[in-house]
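First the structure, in the form of structure tokens, and then the observations on it.
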Amino acid sequence: MGMRMMFTVFLLVVLATTVVSIPSDRASDGRNAEVNERAPWLVPSTITTCCGYDPGSMCPPCMCNNTCKPKPKKSGRRNH
């Protein structure tokens, strides 16, 4: 197969993919069906932290009252 023929086949594949994807996007109204059908109890409504109501997490106590010391920066190009 020559280069011209391969390019023509490539264009046909791109065109066919575009034509197939346009109607499916209209049918879904531009939204992701998976997100719309997600069970509400699986979506977290509050942010849980290690100092909140999750006692099983491994969290240092200094994170609860913001007294943790910052880690020293490593030497390197990005830290100038």
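Backbone N, Cα and C define each Cβ position, glycine as well.
Database features, via Swiss-Prot:
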{"type": "SIGNAL", "residues": "1-21", "note": "signal peptide"}
{"type": "MOD_RES", "residues": "P40", "note": "4-hydroxyproline"}
{"type": "CARBOHYD", "residues": "S45", "note": "O-linked glycosylation site"}
{"type": "MOD_RES", "residues": "P55", "note": "4-hydroxyproline"}
{"type": "MOD_RES", "residues": "P60", "note": "4-hydroxyproline"}
{"type": "MOD_RES", "residues": "P61", "note": "4-hydroxyproline"}
{"type": "MOD_RES", "residues": "P70", "note": "4-hydroxyproline"}
{"type": "MOD_RES", "residues": "P72", "note": "4-hydroxyproline"}
{"type": "MOD_RES", "residues": "S75", "note": "serine amide"}
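Ranking the modified residues P70, P72, S75 by Cα distance from P61 (4-hydroxyproline) puts P70 first.
In the three-state DSSP reading, P72 (4-hydroxyproline) counts as coil. Its Cβ placed at the centre, S75 (serine amide) has 7 other Cβ atoms within 10 Å. Figure note: comparing Cβ neighbours within 10 Å for the modified residues P61, P72, the maximum is reached by P61.
Other Cβ atoms within 10 Å of the Cβ of P70 (4-hydroxyproline), summed over all protein chains shown, number 5.
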